[in-house]
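Single-structure report; data block below.
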Amino acid sequence: QVDPKDYTFSGLKDETVGRLPGKVAGQQFVIQDCENCNIYIFDHSATITIDDCVNCQIFLGPIKGSVFFRDCKDCKCIVACQQFRTRDCRKLEVFLCCATQPIIESSTGMKFGCFQYYYPELALQFKDAGLSIFNNTWSNIHDFTPVSGENNWGLLPEDAVVQDYVPLPSSEELKAVRISTDAMRSIIPVTRGRRQKSSDESCLVVFFAGDYTTANARKLIDEMTGKGFQLVQTKEVSMKAEDAHRVFQQCASEFIPLLEKGPVVALEFNGEGAVEGCRNTINDVFSGTKVFVSESKASASQDVDNFYNFADMQMGM
């Protein structure tokens, strides 16, 4: 028998509270009427609602469904979810991983950055919540109630440090979680999203399903960002043969047989020389792996558009 009290934080003031990995295990959670609290849910959950919280720092592990903030103000959060919504909120700063387009309504002073966090159990919690680490539309915000001439939301500074917003937990119980906020170790690849690109040259790389797809994608991200290129966006999505023709065009036939194994992982890198950088790295590091890489700077921007237009349609964006 589930006791709702075990899945609720209510009416707390000036406290540090949380749940350790394995303690929520996919249940719903409610956070309400908390003030000046540090709240950490180090587990996956079904849905989370956060109501009437003021000046709280909140970490929420992967949420299979939606997270809904209502009537909250001056909160700083790290959140991973399928759907993100706010209503009647002001001044929330959120490091976000969201699989669908985040929605704000009647909310002002909202700021968003890319989710950056690591602890050993987090990767499995993403799987248990049915979330892909590569599907993150953190910066593609939809404002349901825009006001003409005003902007209700913006992006956090590029160099924003997670720990300056949501500090590591100070309580003995929660210190047991082995956390790193180093962007290089983040479970979610840190992407530029909608930020201004540094160059007009991008390159599309697509890995096909297999035992090492995630590891290969992460390795390429490390190699390319280590060389100063920027990761703009990532996507994990299933493709059919007709999609391959649209995206890979004349090379489609060589990749179609690989699509039956499962979803593909696509990465967009940006920077002068991105195409050559990707092609060289893939030849050096992934010589035995079939990978789609843009052929040239001229075709690359079309590749990126073709793929992400297809992917957005797939995800119903």
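Start at 1 and count along the chain as shown; that gives each residue its number.
Heads up, the Cβ atoms here are built off N, Cα and C, so glycines get one too.
Counting only same-chain residues at least 6 apart in sequence, those with a Cβ under 8 Å from the Cβ of Ser66 (GTP binding site) are Thr47, Cys81, Gln82, Gln83, Phe84, Arg85. The GTP binding site feature in TrEMBL is assigned to Gly65, Ser66, Gln82, Gln83, Phe84, Arg85.
Residues annotated as domain 'C-CAP/cofactor C-like' in TrEMBL: 1-146.
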Under 8 Å between C-beta atoms and at least six apart in sequence, can you list the same-chain neighbours of Gly65 (GTP binding site), or say none if there are none?
Ala46, Thr47, Cys81, Gln82, Gln83
Just name the most isolated of the binding-site residues Gln83, Phe84, Arg85, going by other Cβ atoms within 10 Å of its Cβ.
Gln83
